[in-house]
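The Mn(2+) binding site annotation in TrEMBL covers D:136, D:159, D:161, D:163, D:251, D:253.
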């Protein structure tokens, strides 16, 4: 038998294709080789992996619109059991690929609404959302939908940039450099429960970071990061976000460009994948209600290596989310 | 609404995602953006597009195992109506992506059996099979399954190589250079109803082509092809295969490598895509019962251009098949 | 001496860097190695080459925003004298690189206004504009500016697509698939003096082309093109546009993707570069008042070969424009 | 004089081409620019570098069949003297490129026999074998040949994967994921003298590693590796393999994919090249009787950077082997 | 048995590795899989294939120094029998790979002397030289060596450029744009027996071609080429070079860049490979005493497709040379 | 308004294009988006960024001639304020792109003179030169020009190679492996004030480094580097060069090839970008009178990632230079 059966009326299956018997390059490419269901017909799903193929907020090199498809392809390399956390997300929670959120490449604000509505559909069904972007602006409507359910969110934010700039090109409020300023202004993100990790690169002006710092964001620039070391960073991050509902937003450009050349705004001197994996694992047990992995831009890395990194980090986050889902079921 | 709904119990949908409203890079990558059903649960399907992710018969550069996935990705560029044939395959026949045939990368003969069983499952349900390979050895089990239903097959064979060699590496009978010799020996292919188009490249010995010629195959080498011109080639091909059940097997290396660098055994001096499109269109009305597009090898063309060519030629063949399906329904 | 001196107050120079003494890979990359002047300080310029780094109207794969820079780089390969037309554009007219039109990647309609204002600045100074796009929507504001001076324009339009669709994604009027519908509706393009060459590819519906045909556009699909031959196409094109003010708009996807893989919406089975060069040369003497070369998308061809093709076709068009400028001076 | 003279009857030369006088990109590409002799006519050779162009055991992405040729090309960058070990392998031992082992891309077990016979031919002549793979299954026949001479082998095994799985795809015993299980079962590898370094990535099941651990393999997963540090790892590895005949098997995927993207089963979060070089140097003086460098897959890194890493690590291992050969001569 | 044995004292072998039993990607990469001998120890060789890894005469993009190695790699795709000419070069003449001519990347004139001496060594042994460049300047010392034996040479010259410019960069006489001017001035090339095919691209000045035309060279620009058609071009070329000793020099940039992107000075609008193959075949029977294939520049086409084209054209020329050698033996 | 105005007669502007309003991919590509002036007409310039598009001293893989253009392109990613040093170079000093130094790809010694003359023109106007190479031989004429003004120079030299070899290919004194031997012999470099950081890779002979050590150069090989740590390296470097006029020469191959694959002579096991950035920052306050960034070779990294690294390191050095210029003004 070659494939998961996806149009039965019996209870849905949530098993990924088994790589021991079906080679990884075989079959329709879905996230982690999971079955694909539409959000309207996914009864039983507890964690919904979905794509947001959109880069309408990009100010420099576009291409993240192609991210979900390449990440799906690369995610076929994932296996079932996490070797360090000693758990299998697919046993802890019902996971499925819920397809892509609807988007309009030519309309920014309409798309923000479409994404919010899509995620709201998931949260209303108690499905934990795990997204593959898309540029970083997509985190704004996700946070809106989550805050609607959970209240102002805490966030562990991996990035080379703070993304708290105000406006671009003479007045544009909604760009991939502004989502968290908007989210804080709108009250969907609680700045005192936000930690930003890996920030670096030149500034437009000396005051670039001030607004965020004034709101109470804990910014760990790369120089401080390297001095603190991974364990201290984890400790700080956990302390900042606390016990309440929190989110992980992972911009792939947090990593050094050698690990992730396929992105729009690379900045040299970033995190290694080992560091990123270690920190995510260190967030185990936080009260996570969603996560995203954004800014994978395939045209700038046709090899797919960036997408492999992205897929593996999604897998790491999925492990945390599934454990939390299981805990909540108990 | 973003995606086809694929686990209803009402009659299945066979509409591709509409590119006017859902961008081409969005959504799970299936052939031509069609819904994906398992062969066991695809009631109503009339043409089944499927992949064969396998290159176990390859004697030189492997990689065609990755063909189906990249062709699916590129096929999102197809639209609904053929501008010259003036028809829409999706209106003429119920089309669906039936996933990939099961394969074993480490076992040749077992895989041939698996593929034959998969295609037989389709033919038993009166589904016309349209495959994306895979290396050219996959045509052998397909022909076995088709001949089981239709008797010895005629074939229009596009290729740089005759693929009628006997053995490789001191005794191996089943390779991508031997499928049609085996098919003729087994009686599933009628050599007198076979035409080979685009043959070229050096020979292992002066007698390379003799066996096929002796069986009655009509070989049109590239030099003769260029002298005849497209119209004469079409006329000849139609005359050779006649009115009985026939197959089109399109090895992408039939094309000049500039159009299809992503293949295992490129030979310079081949067909243009315009020539290939014209000939396929010229085969309109033949009694076609299946087709394949093989030897797209993504590792040798990460850009996906070869896959775009392959997907477009699959679309051309799909148009012929759909019209035939519609005629048979009348 | 290594470079043109560009901040004197004596009359400006319009000589390209000489490749006999300064290697092509040396120096700041400007179009054709010409001096770079701002539109406000380019006295004496007769033909202004400029870029439009914008792809905000793109419905599929973005990237044409990077076109001008890569075309500038490739254009260093151009030399001084056209070997067939027997003329040197740099002797016939004062040519300069006028930089890039201002754009906003996040605002469609604002950008159309910015481009129109930029081109109007040129036309007011009697500078003939020659653009490197950018996606095809940029032709709309250029035509607006030109029509303001010259009245409704004729156009020789090279493309795989008619670009006369109405709306995308449920209501978007301004996309790279709609510029010429808008231009005709606005009266800046005279449909009876428009010829479209190289059209091909599947259709969204059977009626895709009808609107344009009803307006009186002469559409030469690729099949008709191949039957007519280049000489007949030239004759037809000249007859259609006539003696009045006309424009050439060259979408690089008119060419077969082997010549131009670096584009957003490739369609197999297109023109060769020899055909394109021949037709452009055949348009010699038309009353041309501007031209553009659009849809070069560097992320999809990092090798720069597409840009080399684009730069060479710009050079071919520059030769026609310069001759016309010289005639008008007499 | 341009090349080594290779068909004299006087004693054979074992000098690499001198890069001070013959540029690195010149000449036939052999390992380290050494003379090429057939194994039947290589009198005096003490270390035989050879290729195994075969990936018939690959379960995911093939391409390692092309490894030897690309590694040969890249190895022209090697020089004569090791700057840290302060030795020149070419002065310590007679080294030669002995070509490629015979293989059959379509037959797994036959190929294992062919490789074993090839290596046995070398061991019978007291030639120390240093291989460039090929996929990791090639280590099995090499170990068979070495154990035939030296008894059960110890091994320092660099890899992201333990390669001690049992079967794939429903019963296949011989794959690149199983060589060391087979080798232990066959008694050619002594599990108590095996150390595995760099293991990581998800598991098929919680018990994946158990079999190896039960046999007594010392597994150093990447997390333990990072805690131990290089010096401790070296100490452990030396203690495990002891004084008896030992082998180094280096799977390039042990390294982080940024150093070695050109491989079939990349796993993020791996060793750096500095770590790998340091550990190999730390193995100096062990009783090494052979080594291999496997899983370089050129189609996934056309730049050749992975091959450069592979060639440099072969050079590091060659230095150890040559010193040992010299010691044994004393 | 895996490899040709190359250090026997019995008569040398001249058989290429058989691709039916040894896969193409196996073994040391030599031209056409032929045995490799040093020029001083190649008794019996009748046609010597050799490389000239040098681009010291390049005025624009360097890289042809890497040409011989990549062409050797690609040439493994060649087989034994020419399907149209119906001959096997390896049966008609003893062919061998004689390695690379010595070169100095930092010294132009010294290198010209080294190449001339190398070729002279071949001609003195009655070995017909077939070179893979290197940039086009390498043809000058080859012609010097050949003329020393045969008198002033005739030449069929395939190229986008005439390569008869006088000087570059203010006085440099020896560049890849000047070899044939120098050869004519030195009397080693007879201009009245030279035909240039495929010339195109812009000119530095109107007089660029005049010098060559005045000497009596027959220049067939691409426009005339396309009007004449292949048969007429062959007829003309044969008439021009006549019965006396002649040479073929094939600059890969004669082809359209889609066939040969890997070259230093691409010009759009060139020959197809089918045209090139047809013309070479049409030169059968001419009194050919050598040939070269130059300007393959691997850094600009890592895929190796350009090298495959180059290797195939070398094979076409080898077939002509071998037939001539056989005729002379009778 | 889109561009800096560059042919006014009022005082020149030295502001880079603002990325907040003009997207980074827009506009002519100059270093750091600075205005471009010719050296003869750049009144007021205090730091001159310039390119040296030349690789005539390269002994292995050429391509650095294309470095300046690709580094200019990548440098558009730089912003205005250094986030750690807390300064803006464009406010501290008048910076401009002064174009490329004149070069001759076919003449080594002439080019050295041309470069020296170009840099002398700058030093005579008190402009601090910051170069983008070009191969490393270009540092020799720069040092000659600087020493003419400042006396024998100190130097912090980042490199995988000492570049103090004597001769190549039997007598060539001027290569990219010899510049600092020549500079020391000529007295323009004071060996006792030279520190070399990151040296590694095999040696031609055991004595390769001896000459430099005997002159008094402080060589920090990579092994010592890793033991010392960044802070100690900075301390040592500062102590070696002292208070007198000093230079930074950064060969991109100092970095590990994963950060800089686009270079001619990669050596595995090098510095990270974080280390490089940290050390450069640690040189703050030294008496720097110039700097260069060399050996970026675009053909070996078409992605431009190497150039991004190069541009960012130029930006780091620019920050030091600008601060020094400002101090001298006080």
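Just so it is clear, glycine is given a Cβ too, placed from its N, Cα and C backbone atoms.
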Ask   = Residues with Cβ closer than 8 Å to the Cβ of residue D:251 (Mn(2+) binding site), same chain and 6+ apart in sequence?
value = D:136, D:157, D:158, D:159, D:160, D:161, D:163, D:294, D:295
Task = Could you find out if DSSP has residue D:253 (Mn(2+) binding site) as helix, strand or coil?
result = helix
Inquiry  = Please give me the CB contact count at 10 A for residue D:161 (Mn(2+) binding site), counting all chains in the structure.
reply    = 22
Ask   = Name the residues of the same chain, 6+ apart in sequence, whose Cβ is under 8 Å from the Cβ of residue D:253 (Mn(2+) binding site)?
value = D:159, D:160, D:161, D:260, D:263, D:264, D:265, D:266, D:267, D:270, D:295
Remark   = All chains considered, the count of other Cβ atoms within 10 Å of the Cβ of residue D:159 (Mn(2+) binding site) is 24
For residue D:161 (Mn(2+) binding site), the three-state class that DSSP assigns = coil
Query = So how many other Cβ atoms are close to residue D:163 (Mn(2+) binding site), meaning within 10 Å of its Cβ?
reply = 25
Message = Among all protein chains shown, how many Cβ atoms are found within 10 Å of the Cβ of residue D:136 (Mn(2+) binding site), not counting that one?
response = 30
Ask   = So around the Mn(2+) site, D:136, D:159, D:161, D:163, D:251, D:253 aside, which residues have their CB within 8 A of the centroid of those CB atoms?
value = D:157, D:160, D:162, D:176, D:254, D:265, D:294, D:295
